[in-house]
Amino acid sequence: MAAKIRAHDWAATPLGPVETWPAPLRAAVNLMVNAPECMFMVWGEEVTFLYNDVYAPILGPRAPGALGASMRVLWGDVWDSVRGPIESAYRGQSERHVEMYIQMHRYGVPEDTWWTFSFTPIYLEDGRVGGAFCLTNEVTEKIQAERRLARERERLAQLFEQAPMFMAFLSGPEHRIEVVNPGYLRLIDHRDVVGKTVAEALPDAVEQGYLDLLDGVYRTGEVYAANSAAYAVRAEPGGPVHPRFVDIVFQPIRDERGQITGVFVQGVDVTARIEGEAAMRALDAHSRQVIDSATDYAILATDLQGRISHWNAGAQLILGWSERQMRGQTTERLFTEQDIANGVAERELLDALETGRVVRERWQVRRSGERFWASSATTVLRNEDGTAIGFVKVLGDRTAERMAIDALRDSEARLTALVSASSDALFMIDAHWTQMRQLTGSGAARDSFAPIERWMARHIPDSDQHRVVAAVHEAVTNRQPLTLEHPVRRHDGSLGWSLSRAVPLFDAQGQLHGWFGAATDITARRDAENRLRELTASLEERVRERTDELLLAEEKLRQSQKMEAVGQLTGGLAHDFNNLLTAVTMGLDLLQQRIEAGRYDRLERYLEMARSGASRAASLTQRLLAFSRRQTLAPTAVDVNQLVDGMGDILRRTLGPSIQTHFQLASPLWRVLVDAPQLENALLNLCINARDAMPEGGQLIIETHNIELDAEAAASLELAPGPYVRLGVQDTGTGMSAEVMERVFEPFFTTKPIGQGTGLGLSMIYGFMRQSGGQVRMASRLGHGTTMQLLLPRLDGAEDALAADGVEPAALDPHTRGEVLLVEDEPPVRALIAEVLGEAGCRVTAVADGHAALEYLRGAAPIDLLLTDVGLPGGLNGRQVADAGRQLRPGLRVLFVTGYAANAAVGAGQLEAGMEVMTKPFQAAELARRVQAILAPSS
């Protein structure tokens, strides 16, 4: 170190060149450098630091820049701890501190250390203090060992308390009871004895001679031991006696000088053991048992030359040799060849003789030749007059602890290497995020601790600073790790992206003392993510386009299927209508031929043929209207049970005697709003279908129920959730296959032979139920019958709520036959209706469209009845004309005539008061009667 001090450039330090140093400084440095003790010194107001070779290992990584540095900077982490003693020395006051705790950061992490040191002032020639000496010694290992010893003592105290045997410590010749364990208290029947002499506390033991035995042990120093000794326990004078038998030992307690200060009493209550067992073994045998039980430690005794005389089981377990093999051998066999060559074994015994006890840690050798790290304590054994007679060595295997320490050092070295090699920017930040020091990083300048605000202003864009500051504030407030992605301005001015992470660092007491962070350049990843988002957006657009194309194709397919269904419908319709028109046209042709030939016989036959064909065509159109859900309905409040009861006779006659009919009608049953005749037709149609499915006879069940449909069940039936009435028809017939069930509601589909069905029955029922706000539900299995169920929504309110509010029709003058405004766009139909009404005695004004009708309605001419077609040309339909006419003429009677009675004309199946409807075609007499009934005064 002297050469190093001479070679140092002191001109660059506050001390200046060595030649200019004052004599006291040179003398102090010379003394420090040659001292065998661990020393350093500080000089001047800058507390310039100098040290000797013994002190150098304490510096650790700080050593390269330590010489000539200011101690305030060099030992900044411990300055607050040593500042006071240094300032006292500068004031001329020496200070000594023993085992002072100092937390250091020698290797970059917090480290708990303890030191014994003293500061002594160094005076200049004029009497002023120029600096200070520090004689220091790190006692961290000693403190940690003492703490381990304290923990061991605490563990032994716990063992004392928890021991199954009884124990007591007696002090002085009067045998005052100092400490007892619970086992001892149980033996003496829990008497209060601590602090009292045996004579005072245990008179029963005194009577039985135990006090004399204690006196003998204290006087002679000889151990007393007895097996199965009788002890009659009497807790109170004159009280009951409890005989006990104990294995007991009275052992003298000696102080450091070997003087007897008390007696240790220990034993085991062996009352159950038979009296008269052999006496206890001699003291050396008992001691051997105690020593051999300590298998965690090797315990051996030697003479003054180091020859082994005693070797416990722990020694055999740890070292590998048996006692027979080692007795008479020297302890050199336990040392490495290098230690033997250096005389370490002999010096250990000499040091023990000199100091009384030597504690060492070094490599020792097992029988196998394996080295292991051991801690040992060698203690001198002395006889009663204090003469050394040998040594006891206690040795413990500390290899695992040494390996852990070495691993920690290796880990620290690797951490240092990783920090140096990391491509990320690593940094340390103080607890409050005010100062930051960058440790390493690619493309970044290394700064010492600097204000973090300056770093952020330089590297974080203005638009992102608020977000970054908010994230940091939240992490600091919650003392939680920080993870944040943000833009960063590089040193060349370009913008990139950084993933910044920081974790809090806590000391052993849980105090936050800083943050460790890393910043990763993720610019390439962000660019890739942006490109992926653009690609994803482009892909989503292409997927949307393909989806739209697919939906368009599906829509075209649906339209094609609809057109196919319409084609099937129109084909069947054309077939049936051609048959019916053939009957009508041929009948009219034959009628014309007969009239032209003057042959008037059998004319009624041809008229009836034409009329029958027309009637059948009208019936077919009604079925088609029901299938298309555009028929005219007259819904009323209906009790389905009453409707079924009323059809009982006709159903039985229709079904025949081979069908057993059962009625299972729920009571009470909710009412429904439905066209009763149409519901009767639907029920009759279902029963006829059931009959046809049971040609050999069977059972038919007609049932009614109130049901509630939840959202899921209603959605599966395309209905609104709520209460419904269910009308069911169940048969025991042939049933249907899945293929047939898929087509039963198609128009003109039938499984019956040709001529026995049109295939419109179930499609009509389906249309009627959907138009009435209900649904058809079906279940069937081939060979096991079929169940058909009609679901109708429950009617809320009384019957009078069914009648639409409106103005009552004005009373007709009983002396008039009626003024009728006829609106019909087809000239032949308009002429025929006008002629029929004229024959009925009405005065008819006929117009061809809605606009002409409104013009007439605005006039003053009387009108008793508006008779209008629903479908009219010119933009106004019949319903619109009727609504306008009623505004102009309140109470105006209206009769609609229509081929399909559109919902717009009849209010979705309900007619207002004073409105009626007739569906085409109809007979002239039927029209005349309907008009006369409407115009009758009582209507």
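Keep in mind that glycine also has a Cβ here, set from the backbone N, Cα and C atoms.
What TrEMBL lists as coiled coil is 135-162.
Across the domain 'PAS' (283-356), DSSP assigns 42 helix, 12 strand, 20 coil. According to TrEMBL, the feature domain 'PAS' maps to 283-356.
Mean pLDDT across the domain 'PAC' (358-410) comes to 88 in this model. The feature domain 'PAC' is assigned by TrEMBL to 358-410 (among others).
Marked as domain 'PAC' by TrEMBL: 482-534 (among others).
According to TrEMBL, the feature domain 'Histidine kinase' maps to 572-796.
Residues annotated as domain 'Response regulatory' in TrEMBL: 819-935. Remark: secondary structure over the domain 'Response regulatory' (819-935) totals 48 helix, 26 strand, 43 coil, with classes taken from DSSP.
Long-range Cβ contacts of Asp869 (4-aspartylphosphate) within its own chain (separation 6+, distance under 8 Å): Val823, Glu824, Asp825, Glu826, Val829, Gly878, Phe896, Val897, Thr898. Annotation source TrEMBL lists 4-aspartylphosphate at Asp869.
Tertiary neighbourhood of the coiled coil (135-162): same-chain residues 37-40, 55, 58, 99, 112-118, 120, 181-182, selected by CB-CB distance under 8 Å and a gap of 6+ residues from either end.
DSSP assignment over the domain 'PAC' (358-410) gives 12 helix, 30 strand, 11 coil.
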